[in-house]
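Novice: If you scroll down you'll find the structure; I have some questions about it.
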Amino acid sequence: MPQHDYIELHQKRFGKRLDTEERARKKAARQPHELAEKAQNLKGLKAKMFNKERFKEKALMKKQMLAHEEKDIEVNVEDVKDGAVPTYLLDREQQQQSKVLTNMLKQKRQEKAGKWDVPIAKVKQMSEGEMFQVIESGKRKQKSWKRRINKVCFVPETFTRKPPKFERYIRPTGLRFKKANVTHPELKTTFSLPLLGVKKNPQSALYTTLGVITKGTVVEVNVSELGLVTQTGKVIWSKYAQVTNNPELDGCINATLLV
Amino acid sequence: MDQTKKKIKTNQITLLAPDTRVFVTLINPYGEEAQKSLELSVNTTKEELQSILQQLVKTEEDQVYSFFHNNIELVDTLNQLIASDPEYKLENTFSLTYHPQSLFRIQPITRQTAALEGHEQPVLCVQFKTHGDILATGSGDTTIRLWDMLTETPIATLQGHKNWVLCLAWSPDCKYIASGSHDGQVCIWDVQTNQLKGQPLKGHTKWVTSIAWQPMHLDEECTLVASSSKDGSVRIWSRISLSCLIAINAHQKAITKMLWGGQGYIYTASEDTTIGVWNKSGKRLQELKGHGHWVNSIALHSDYTIRCACFSEGNTDINTKQAKVLYDKILNGKNERLVSASDDQTLMLWEYTSSKPKVRMTGHQQQVNHVQFSPDGRYIVSASFDKSLRLWDGYNGSWIATLRGHVGSVYQVSWSSDSRYMLSASKDSTLKLWSLQKKKLAFDLPGHADEVYAVDWAPIGGEKAGSGGKDRRVKIWRH
């Protein structure tokens, strides 16, 4: 090991040996042979240390090679985005008015899932005491065959009352609703749509016929304002939705559309 | 003259006695009178009127005319038509407007014959070769596909664009297609070899909104093609040297549509609410101001003639003299009429000579997206986001009818070549065929699974239409 730069000093003063390039080249050419010999013949701790050094060098080489290769690859200027629209729609922010997902997707989904997959599958059982309030009638208020429904109802427009003497179930007008706030599950938009009828109340068939709306009831709503069309060209004007809140507590009916 | 008018139950027609004579003036479509009044018998039939008109106006022998009074057509005798006008008095002259009729009839389109798969992204633009034997469709998957109409199978896929193909145009001689894409590049394709000519033409900094070739009668070789872009400029490229000849900085805001008119002027409709009229050396002749919001679409009454005047039914030869003759005929000595549709829910009729509109047509309740003149230039139909189409008179812009039936915004509209039917494409995934004579829906054409973005009716070789939409299918419709 040179202690100071006397070698460089001598080279500056008197020039290098005439065969320095030759010797350097030959020495470099011997390196791989020497390294190979070491790698094959070293044992013990020295071998471990040598192997560790060699591994580090190789890893560095690989990284450099990859970096070089990357420079040769042409960079993609712009990725082609999805959602191609024609020129007249390009500058417009199209409001996603509730649209039916492409019918192909819908068909695939229907094949996978059961047809009546509803958001709220199970509903808590309701007792009669919760649903009905006993109304006493008669001259001495002894007859108690009348019931008043404590839950929200839907009454169709063509409904006519039976004579009051014979009505068993009373649906108070304060608890009658005509509209529901329906949310489209995929598009997360909510519309206020008129009700057409009660399809099924999970509590009991009696409640279905009376038109009682509780949590989990499947109702039919008028969707003509959404402008949906089937693939054969027919306009869809009604769809089912399932009620998701307790309308008698909230004062409104919230439902999700069953697409 | 004894006027034996029977007194009315309001439903019955009152007819004049057969030997009464009336004074009639014949008025041409532009509103000018052809001749001083003629005295004719009340029982004159349509054929007799036709021969009289032919002698007066000195037209070709084969030209058939139809006669109208207050937009009611003359069906058998003059008597019927007079009776339909309760305000007419015998002393006044009876005005009859005549319109040239097209000789051929196109059968209405009723059914879908093919659903062509292939595109991997929504189909954005669709255009038939003038003879209707090849359909070119551009899509968001950066390719243009050519489809053979005889076998309804694909011919070739033209790749070369790097982003959505937004617009394409066949050259007037139908040997080349020019197309523009979302990254501002314009490509010219040779259809005979289905190859890209040279390299994509770069120059626009934003997406290309429309492409127009110079009309055939101005240049037989079809060397010049113009492209307009969102960056507000119009570039004129040469097909032969594949370079940009002129770049016109036409507008500050985006140009939504550009047309190359038959009189040599380039019309550019822009989002800065004006329409510019330029000549091909880049000089602006006129700025048509009047709209209050973006101008979405423009149309010239000679559009159809420029597209297919050099071709005729039956043979594929290019006849440049015929192109000039037919163009002069549709101009009829006047200037080209331009109609523009805007986001301010109105349309306006213009002539390039004046910067003020001739007529302002209101009635739509939302943005008007697309407007087209009928091939004979008599009617204008406008498609709007308010789900309706409106029919207007092509000469004076007066409203004729509203066509309702769509349940979603109407995007595009296309005419049949005899001007009797209109085809409209809408967001509600249906196409609808409307009859001009009845001013009603003729046929409903469902079948697309999603919004229909583009529709085109084959101009010559007629009875087919093609449509493409968001569901990535190209559908062919025939009678």
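Every residue gets a Cβ built from N, Cα and C, even glycine.
TrEMBL annotations: computationally assigned, not manually curated.
Straight out of TrEMBL:
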type   : residues  : note
DOMAIN : B:24-81   : domain 'NLE'
REPEAT : B:116-157 : repeat 'WD'
REPEAT : B:158-199 : repeat 'WD'
REPEAT : B:201-238 : repeat 'WD'
REPEAT : B:248-279 : repeat 'WD'
REPEAT : B:361-393 : repeat 'WD'
REPEAT : B:403-444 : repeat 'WD'
REPEAT : B:445-479 : repeat 'WD'
Novice: Mean pLDDT, the repeat 'WD' (B:445-479)?
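Specialist: Residues in the repeat 'WD' (B:445-479) carry a mean pLDDT of 91 in this prediction.
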Novice: So, does the repeat 'WD' (B:158-199) come close enough to the repeat 'WD' (B:445-479) to give 3+ Cβ pairs below 8 Å, pairs being at least 6 apart in sequence?
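Specialist: The repeat 'WD' (B:158-199) and the repeat 'WD' (B:445-479): touching, no.
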Novice: Are there residues at least 6 beyond the ends of the repeat 'WD' (B:158-199) whose Cβ is under 8 Å from a Cβ of it, and what are they?
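Specialist: Answer is 121, 124-125, 127-131, 134, 136, 138-140, 142-146, 205-216, 222, 225, 227, 229, 231, 235, 237, 239, 242, 306-307, 310-311, 318, 323.
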Novice: With DSSP, how much of the repeat 'WD' (B:201-238) is helix, how much strand and how much coil, in residues?
Specialist: 0 helix, 19 strand, 19 coil
Novice: Going along the chain, which residues at least six beyond the ends of the repeat 'WD' (B:116-157) come within the CB cut-off of under 8 Å?
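Specialist: The answer is 163-170, 174, 177, 179, 181, 189, 191, 194, 307-308, 311, 316, 450, 453-462, 464, 466-476.
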Novice: Can you count helix, strand and coil residues in the domain 'NLE' (B:24-81) using DSSP?
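Specialist: Tallying H, G and I as helix, E and B as strand, the rest coil: 16 helix, 19 strand, 23 coil.
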